[in-house]
Every structure is written in C-alpha cells, then in structure tokens.
Amino acid sequence: MLYVKAPAKINLTLDVLYKRPDNFHEVEMVMTTVDLADRISLESREDGVIQIISTDNFVPNDHRNFAYQAARLIKDTYGIRQGVSITIEKEIPIAAGLAGGSSDAAATLKGLNELWDLGLSIDELAELGAKIGSDVSFCVYGGTALATGRGEKIKELPAPPNCWVVLAKPKIGVSTAEVYGGLKVEGLQHPNTQQMIQAIETKDYELLCSSLGNVLETVTFKLHPEVVMLKEQMKRFGADATLMSGSGPTVFGLVDSEARVSRIYNGLRGFCEEVYAVRILGERNTLA
Ligand SMILES: C[C@@](CO)(OP(=O)(O)O)[C@H](O)COP(=O)(O)OP(=O)(O)OC[C@H]1O[C@@H](n2ccc(N)nc2=O)[C@H](O)[C@@H]1O
Ligand SMILES: Nc1ncnc2c1ncn2[C@@H]1O[C@H](COP(=O)(O)OP(=O)(O)O)[C@@H](O)[C@H]1O
C-alpha cells in the first residue's frame, strides 16, 4: 500500500489572454498549493482492474474520476498488466475551484510511478497529466508556479511570503466549462501577473495582496451573487486581501497574523459551513 497526499491549489492571479481555436482559453495564472489535501492510497492488484473507493458519495467511482483516468493512462501508455485499488479520502471540496480532482490525478500518477517502478521523471509525469486536464501538470509539480498555455505550461516560482489563507466555499458547485464559456474576453480588467511574480520573488506581502486578480470573477459573480457577498464578509472580518480561486465558488482571504485568522474563521463559520484556515505550502516538492 502506498499513500500520496493530493493538496489543493489556489490561483493568486488568473488572466485570460484570448480564446483559442480549440475552444480552450490562453491563460496566465500564478498558482500555489495549500495544506488542505486529499489522501490517496494505492494498492496494486493482479486482476488488472482499476477500482475507485471514496469516502465521498459525490466523487464518481468510475472512468469519470480523474484518478481513474490517470491510472488508465499509465496502464495503456506503458502496457502495465496489473490493476490498482485507489482509495480517495476527500478533504478538498468538490467543484470548488481548488483543483481537487486534478490533484487526485496528479497524486495517482506520482504514486503509480513509484508503485510500478516506472522511473518516469517529474516532467514526464506532468506531460501525461496534461492529457487528463489543464490543471493536472501544475498539480504534479506542486509548490508555486506561473502556468501558461491552457494551464499546462509550468514555470517554477519561489515560495510566496509567509501568510495564512482562509478558504470559504458557499454551498454551490461551479462548472469550469460554464464559467469559461460565459467569459467576454474583450474589455477585461487584466491582473498584473508580472507584479505578482515580483511580489513573490521579493517576498513582499503587501505587494502580493495588491496584485491578486482573477478575470473569471466577473462571470461567477453574475451566476452566483452569494460569492460576492462571501468575499465582502471576509474582507469585513479582517482579511488583508480576498479573491475567488479558479472558476470558483471558493473565495480565499490572505492574513498575516494568526490572531486575525481565528476571528475571520469564526465569523465566517456563522453562515458558511465549509471554512478552512490553511498555510501556503510554498516550494515544489520534487519527490515523485
Ligand atoms: C479555472 C481553473 C484555474 O486553475 O481551475 P478550476 O476552477 O477548474 O479549479 C483551470 O483553468 C481549469 O482547469 P481544469 O479544471 O483542469 O480544466 P479542464 O478539465 O482542462 O477543462 C474544462 C473546461 O474548461 C474550459 N477551459 C479550461 C482551461 C482553459 N485554459 N480554457 C478553457 O476554456 C474548457 O471549456 C474545458 O472544456
Ligand atoms: N477525484 C475527484 N475528486 C473530485 N471530483 C472529481 C474527481 N474526479 C472527477 N471529478 C469530477 O470533476 C468535477 C470537478 O471537480 P474538482 O476537480 O473538485 O473541481 P475544480 O475543477 O473546480 O477544481 C466534479 O464535478 C467531479 O464530478
């Protein structure tokens, strides 16, 4: 039995440059992993079957599961005869903009590389990951990175300045495809990605706070006004800066003092069931 952690990500910036002919959007995003993680365990089996076992009824247990797709891809690409039982202990909220499914896929790729002794490099695993979803390559590397292309081209960044991240997810699920589909690329207010990178490189917390930006907020806010309200509440309870992660609906707030974290956490818990106080994981963990 092999255990692998699958951490959630947040987008510190998310910019869309244009819509591509393949119907994906060309993006520029600064992403970082946080210490809210699913736990994946992998057990090889001789009958060739890929089995998904999950603690959460909303997680699909068949070919729709991204961890299943990761195992299938590895088996087919490298002609592996064995199967695998994949147990997913779900901690990351589903369809939340936190890349839970993508991270489960990435953890499965890394775990099977070890379990089946394939000797693949982290870059090879990330390339495989891109076939499953745009966010999977980033999740293979983890840490902090600039993601371009449709999200699969990854450039490593150093750890951001130390701070707390309070995550709050309203009781709605958001479809990433619907949000990208509703985006009007003309007239967008673009975040300053280069300034965000500078803030990270110089460990400038204030600059990082003022550089947060996500163009998908415009779409999700219109679909779900409760996300705007949650963001406003978080700011009112004392977060230094707030943003929606990915396509939403999770909103996060950055805080640099522990005392304020509990005030914000307790305040939000009054009306939002899913609130988490976490840390940024920072740098890439190169162990596959
Ligand atoms: C918005 C982001 C930001 O990190 O994350 P989430 O909110 O899903 O966590 C990502 O761009 C989501 O990546 P991921 O969830 O892997 O997307 P995919 O499965 O590849 O694509 C789902 C759908 O989103 C749209 N899509 C995705 C990526 C992209 N660059 N342009 C797009 O237009 C396409 O319609 C695609 O069919
Ligand atoms: N291992 C998985 N965990 C969660 N959701 C999964 C998984 N595999 C497939 N899915 C499907 O992926 C969709 C997106 O979920 P998720 O990856 O959690 O969100 P997001 O794309 O917003 O980060 C869900 O609707 C869910 O049905």
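Positions of Cβ are set from backbone N, Cα and C atoms, glycine also.
Per TrEMBL, the feature active site maps to LYS9, ASP135. Marked as ATP binding site by TrEMBL: PRO93, ILE94, ALA95, ALA96, GLY97, LEU98, ALA99, GLY100, GLY101, SER102, SER103. The domain 'GHMP kinase N-terminal' feature in TrEMBL is assigned to 65-143. What TrEMBL lists as domain 'GHMP kinase C-terminal' is 196-272.
Within 10 Å of the C-beta of ALA99 (ATP binding site) we count 30 further C-beta atoms, all protein chains included.
Within 8 Å of the centroid defined by the CB atoms of PRO93, ILE94, ALA95, ALA96, GLY97, LEU98, ALA99, GLY100, GLY101, SER102, SER103, the record's ATP site, lie the Cβ atoms of ALA8, ILE92, GLY246, excluding the listed residues themselves. Taking PRO93, GLY101, SER103 as the candidate binding-site residues, the subset whose CB lies under 6 angstroms from any atom of ligand 2 consists of GLY101. Sorting the binding-site residues PRO93, GLY97, GLY101 by the number of other Cβ atoms within 10 Å puts GLY97 first.
Sequence-distant neighbours of LYS9 (active site): residues of the same chain at least 6 apart with a C-beta under 8 Å from its C-beta are MET31, THR32, THR33, VAL34, LEU98, ALA99, SER103, ASP135, PHE138, CYS139, SER245, GLY246. Counting every protein chain shown, the number of other Cβ atoms lying within 10 Å of the Cβ of ASP135 (active site) is 29. Counting every protein chain shown, 18 other Cβ atoms lie within 10 Å of the Cβ of ALA95 (ATP binding site).
The secondary structure of GLY97 (ATP binding site), as reduced to three states from DSSP, is coil rather than helix or strand.
Here the Cβ of SER103 (ATP binding site) has 29 other Cβ atoms within 10 Å, regardless of which shown protein chain they belong to. Residues distinguished by a CB atom under 6 angstroms from ligand 1 are absent from the recorded positions LYS9, PRO93, ALA95, GLY101, SER103.
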